[in-house]
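A quick write-up on the structure given underneath.
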Number of protein chains: 6
Amino acid sequence: MTHGYETGRLDLPFTGICTFARSPYQPDWSAIDADVAILGAPFDAGTQWRAGARFGPRAVREASTLFSFGHAGAYDHEDDATYLSDTRTVDLGDADIVHTDTGQSHANIARGVRAIRAAGALPVVIGGDHSVNIPCIDAFEGHTPFHILQIDAHLDFVDERHGVRVGHGNPMRRASEKPWVSGMTQVGIRNVSSTAREGYEDARARGSDILSVRQARALGPKGVATRLPTDKPIYITIDIDAFCPSIAPGTGTPSHGGFLYYDVLELLQQVAQRHEVIGIDLVEVAPDYDPTGSTSILAAQVLMNLLGFIFHARAERT
Amino acid sequence: MTHGYETGRLDLPFTGICTFARSPYQPDWSAIDADVAILGAPFDAGTQWRAGARFGPRAVREASTLFSFGHAGAYDHEDDATYLSDTRTVDLGDADIVHTDTGQSHANIARGVRAIRAAGALPVVIGGDHSVNIPCIDAFEGHTPFHILQIDAHLDFVDERHGVRVGHGNPMRRASEKPWVSGMTQVGIRNVSSTAREGYEDARARGSDILSVRQARALGPKGVATRLPTDKPIYITIDIDAFCPSIAPGTGTPSHGGFLYYDVLELLQQVAQRHEVIGIDLVEVAPDYDPTGSTSILAAQVLMNLLGFIFHARAERT
Amino acid sequence: MTHGYETGRLDLPFTGICTFARSPYQPDWSAIDADVAILGAPFDAGTQWRAGARFGPRAVREASTLFSFGHAGAYDHEDDATYLSDTRTVDLGDADIVHTDTGQSHANIARGVRAIRAAGALPVVIGGDHSVNIPCIDAFEGHTPFHILQIDAHLDFVDERHGVRVGHGNPMRRASEKPWVSGMTQVGIRNVSSTAREGYEDARARGSDILSVRQARALGPKGVATRLPTDKPIYITIDIDAFCPSIAPGTGTPSHGGFLYYDVLELLQQVAQRHEVIGIDLVEVAPDYDPTGSTSILAAQVLMNLLGFIFHARAERT
Amino acid sequence: MTHGYETGRLDLPFTGICTFARSPYQPDWSAIDADVAILGAPFDAGTQWRAGARFGPRAVREASTLFSFGHAGAYDHEDDATYLSDTRTVDLGDADIVHTDTGQSHANIARGVRAIRAAGALPVVIGGDHSVNIPCIDAFEGHTPFHILQIDAHLDFVDERHGVRVGHGNPMRRASEKPWVSGMTQVGIRNVSSTAREGYEDARARGSDILSVRQARALGPKGVATRLPTDKPIYITIDIDAFCPSIAPGTGTPSHGGFLYYDVLELLQQVAQRHEVIGIDLVEVAPDYDPTGSTSILAAQVLMNLLGFIFHARAERT
Amino acid sequence: MTHGYETGRLDLPFTGICTFARSPYQPDWSAIDADVAILGAPFDAGTQWRAGARFGPRAVREASTLFSFGHAGAYDHEDDATYLSDTRTVDLGDADIVHTDTGQSHANIARGVRAIRAAGALPVVIGGDHSVNIPCIDAFEGHTPFHILQIDAHLDFVDERHGVRVGHGNPMRRASEKPWVSGMTQVGIRNVSSTAREGYEDARARGSDILSVRQARALGPKGVATRLPTDKPIYITIDIDAFCPSIAPGTGTPSHGGFLYYDVLELLQQVAQRHEVIGIDLVEVAPDYDPTGSTSILAAQVLMNLLGFIFHARAERT
Amino acid sequence: MTHGYETGRLDLPFTGICTFARSPYQPDWSAIDADVAILGAPFDAGTQWRAGARFGPRAVREASTLFSFGHAGAYDHEDDATYLSDTRTVDLGDADIVHTDTGQSHANIARGVRAIRAAGALPVVIGGDHSVNIPCIDAFEGHTPFHILQIDAHLDFVDERHGVRVGHGNPMRRASEKPWVSGMTQVGIRNVSSTAREGYEDARARGSDILSVRQARALGPKGVATRLPTDKPIYITIDIDAFCPSIAPGTGTPSHGGFLYYDVLELLQQVAQRHEVIGIDLVEVAPDYDPTGSTSILAAQVLMNLLGFIFHARAERT
């Protein structure tokens, strides 16, 4: 393995067209040939307070260039490992969004995830609001049952309210209804939200394991990871508002008391080492509320580390 | 007429609960007793670029307090007139918005406008994106035919695209289909937008008078005003992006080359003097893109002057 | 107890007129009928660095709507409790502020607090700079002696400097002079500030218990709470700059090394469980320095949780 | 005359300690030896909406460095003149401000202006809010009567309201009471403000000439300048809100329809050529509302050009 | 000609990977096959005040998507023309920038422009600071002599200062030294800048025609255009600070009194109709100082209109 | 020791010319007579992502006034110590920066540091980007060998890449080559950066002790401090991106997972108590990305505390 410093471009982070991690752009979804495929899902009409997550994919792509300059892989001195040196990533661009039409927008997202799955790549969807998780899970129809790890401030387990069933307060409830979802672990849940007491009761009745930030910290990353079922593949959905507003202010419905960086990083590393990860979405980055770029950088840093952990673990397994 | 400086509160603009122009808050829409009723329509899922107009009503209300401190009416030394001293205004709060559901949100807006009309007050709707004009016009069903004065950068005359018929690019087309709309004058239209050539042809075929900023300036405010039919009442819809981004940057789809303040003020004054105005909406103020408050202040200043002109003209007529 | 999801409005947080927690607006201070009354005190001429706390009440009110959508009370899954379901709150609007006149502005604030006390409600004052604590304490004249819990970065114990006795560096000194204040616990105090060494000595001589952030953390929330006198009612004054600038940057004189969210939340919960709380002020939120809204959201979240704890404890006591 | 490019420092605008136009800092007010002396007056407790003008002097000083790099004077190709090459300017720093105490703060400003006058230099005071004009005019007590040219959006002619007589709505009224003020020309006045109809009548009764932006434009710069009395020296007070919010958003009470750059520049050039200018204040720059720096740059650019015009005209006269 | 609304994607402006005007991305500079090729030149070490133009290419690309949604060309109702319907544009990405090394960075830019010229496409370079014009002109070595139209606030005609010859104050001087540059017209020049009197004299001695904003307005767009030599092809360099800070605040060295939108648009239209345009650069967009996006939108809107004018005129000529 | 509250100025933080900690300004570098001398080094052409550190010195100076109002020294109640009461500090202003010329700019910085050393004062250099550390270390040529304590997110140990040897990724490598640098401790290093695996290997081969944030926390402040060689004087270089973006977002290349305030404060206190500190630089504060001022305040607070610790320890030693 060699980095390309002596030849080619220097490619400082402020230069060039922004794809995720400077990966090749593949607008032809029938020609995906990669280990990982990135799909933007810039839909934010499901939000209940501040919108703007429609610009999330662009912001996360741009932030990802900060971590992508000229290296063949990313060396981490704490782990003494070079991540992502052999992982082939492509960026599919964004699903087509149709304003005023939630159903069609969601359908277009699902179509992209199905194309990724069909190509045998790991789908990584960047939202958009948390409602985009709904078509992501839909696209796994027919998959062997899997467990969902949700990292989030909010339970998002509302069934229906004023007719709304596919807003950003509903995805976990929708997921729980799918035969191909065996259960879920919901971590970081705290404070008042749009889910009322009966939502928690419903979730627990359907087998959810709900942990607050303080509860997760008391268990530690390994303690949380070991609560996941060992025999199921894992789908990970990360709502950026799981994090403390101190590092993730750029989101629609921030909630104080959230996770700090290593809380989540170490949990993801534990899970990646122990489980097969079959899909990822990261949602609710709203760059208009992120004047310093902190939130987008966090999202890119978390995603790139998570991908590094997953493929490092896959390589170790083989 | 007397101002209340010696008694009561000083009510500096930074104090107090924000209703429009410090008018009484009337959440009971069956009990409207006023000359003017303000309705917020914080819906922005119809936008095609930047959202955020959902916070428009709040921002315009707050900005309006700048012009409302302790005076019995507003004295204008250029006109040597004190405006709004006898006009009774109430603020109805906002229509209820249902995320992911354009139809229900629009229906709630229409319900508010119908309530205002039923009470005999002048409806003033603050958006929200321009799609909120659709329920506003719907609520006039049964009214004697009226003419629409649209002040806007964009023609908003798209019929249907990818199934979308009620987004913020469609309202003028929708209005043109109503029997109770006799025609329209579209002023400020410029640059490329979501309306293609055939949209312009359709509009003209349905009787629209389309004027660019440069064309309107060449005619002058009076020249434009005299192109409106003298025998029809007027509904005024103001998209804040009609203005130059220099003073109205806080909007979803800004377009350079727009109107400056007096261009629009003088046109509105001419129209108010010559015509009966039966309804007003002002849309597309997106405060997240308005870091200095300039756009919200502009919206409030335009609305308050327009209301002053209308009721001053009414008083002069009687 | 039932939430109102099926009927009425959805009331998403971005809609409607902003009163604190969507409580009824009561501009008639002689007609208060509630458990809690909110009073804005938008005075910031007492500041020594950045002003802007005059917009604090508006910002906190707006942020509070995030936590107030359509629920009959707020369910907290960690405590398995639904807070505020039976607490009657009204919003009195703001005290009238007179620019250039500190004395008159403070007097107007005191008048509001006296009205709340006369109605038997719990006064909750939202500043404004910390000098607004002075009229709050003044308004308790005649009350049985109580203890003050101050959560703050700064001691605010300056007696007089260049003639200034009622600025935002003076309130605790002023309070210490009142016969109806029996003592105080000052928590979070750190770094250099406008109080010099003799201010600390004076405070201690008058019976203050001064704890830094690190000292308070070493004691733990319960350890701090048990240092308060058990036989005295408690008045709580929270300067938002007690918190770390990471979550509370929007304040006039930020100071690094402050409290994180749970530090304060758990202290307040301990105190609410153990003591009668007779008054609250929360000051120094300056939204112009809070571009992400994090500070206002923190203030609202802290206040609403504190009110929940207080009335939950009251209910448990009865 | 020679510029210093070949020797010494390059002094790019982003380097160095910020005094106005890189002039020497003279903290000893008894040792002023200069043609022009700059005094900061960072007082903003006189504001009625947004504060923040306390940071005006710093921002204008920093912006002035943009126009001050390494040149011996500033060449203007339109006038084919090199301005300020021989003018000696010193920066006195700021008057001491005492929070909560308007009287003392104003007295400290007056003391500075008296010191400048005693040294025979031209006083240039940078606010702060417009109330700082009051001590400026006070400091001219005993001067032969002079005329005031006010460039402003607001008349600022309120006598007294709720006891307030020295806020930022009162300075022109206060000035009109001085025997050493012979009259005033008030240009740019527009829209509703804190001055009611009787304020205008009072002003006119005391000899004011009031011109709106549109009226001033119709007259032209020379037309306005010729309305000033030819036999009186002139004191110029510039409220930055005289300008359009498009270029001067960073101010407490912006008002649409204001002057553009050349409107004011040409008026000042006309006045400088025709009259002796004895004092200047420029007020209401509030950098917190000026995210692009446009307002501070405007203030610096106007002040430096005005000083150039004044001393160029003085040189031509001699 | 047909737009693609019924089929394919809706491609709202907030979706997708950002190339200029959604044109195909062509990273292989030896395979350019287009009428127009866009090259980013994100170099800003030549700046003398605020940096940040390194992010100019990204911002202009993103803004250009606002004008690119789903249309086959852009219809302008004022001109009754559909622009850019047949023009083939590619985006080459950015030249490689080497921090601390101005020479290498400039060389990389020149290499890109030479590649575009070799392919017979029109080069359009997006800066970066104005120093990037130097390699752009270098890359035209051997071209038949052409005239430069510079639209700028500053003359940029400094020869050498403290050894600096290739900073953003030097490009026009450097261009004037090239045998393949026959002369230049410098429009918009105003106020003090880094060019002293002798710079103006040098420029005029070398045949420059220098016009201020006021002089250009007095001549009118056609009047200015007719001063260009009719027998020479034209290279156009646009410094965004030629525009008024009201619409172009996002730049390193803003200068008040600049052009408004139609001033420049109409000049460019005149020039495009009368002359062959052989190259374009647009520089100094610094998005960090452009919180509303106004400047980037302006740059995109000007460039797309200019390209429309050029190719429309070419089509009319043939 | 006495504070000056009763006499002289109140000197609120928002008033006056900004030198560091209100120390005297000494532009004559041959006349330094002080214990500490502050030098600004506003060079940022060495950055690889976001520039803007050129405005770091100004921002840190302004923030330092917050901690400098009218006190003779700063009382810390936790340490029961009054710091800086007898320390004489001067501010030298900034080194002259020459755009496009890294070598000359660095040379000017080195000249300043040599002047400070020649005067026997402690040099404190405020960057600018981390490349300014290179001339700082250069200026110590001939000094008895010393150890460097680097507090940073990034190793900055790149030797050469595309010819770049003096950018902000190279300083520690350059320092390691100097005979007068005996070794270094690099603390806070984390995540992927521009240093690849071989950079870490090189650093360790040259004797570096590299600690991540988590490793440093596990050791504790005292544990880290005791790893420094006890027999060497210490030079401290602080890259503000060592801190968590939650408190230090205003920097060019933020990295999540950084230090919180007390992590660094306590380490610095330990080091100051145990070692002679011979030089300090603090770099990479980029105020354009610091909308709340948090980063500048942090830098000032850290520097002032560090200086307090150093001179307090010196006094205790004597």
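Glycine is no exception: its Cβ is also placed from the backbone N, Cα and C atoms.
The Mn(2+) site recorded in TrEMBL comprises F:Asp152, F:His154, F:Asp156, F:Asp239, F:Asp241 together with one of F:His130, F:His143, F:His256, namely F:His130.
Report note: the Mn(2+) site is defined by F:His130, F:Asp152, F:His154, F:Asp156, F:Asp239, F:Asp241, and the residues of the same chain whose CB lies within 8 Å of the CB centroid of those residues, excluding them, are F:Gln150, F:Ala153, F:Leu155, F:His168, F:Ala242, F:Thr253, F:Val283, F:Glu284. Between the candidate binding-site residues, F:His130, F:His154, the densest Cβ environment within 10 Å is the one around F:His130. Same-chain residues at least 6 positions away in sequence with a Cβ under 8 Å from that of F:Asp152 (Mn(2+) binding site) are, in sequence order, F:His130, F:Gln186, F:Val187, F:Gly188, F:Ile189, F:Thr237, F:Ile238, F:Asp239, F:Asp241, F:Ala242. Classification of F:Asp239 (Mn(2+) binding site) by DSSP places it within a strand.
Within 10 Å of the Cβ of F:Asp241 (Mn(2+) binding site) there are 28 other Cβ atoms, across all protein chains. Other Cβ atoms within 10 Å of the Cβ of F:Asp156 (Mn(2+) binding site) number 28 in total over all chains.
In the three-state DSSP reading, F:Asp156 (Mn(2+) binding site) counts as coil.
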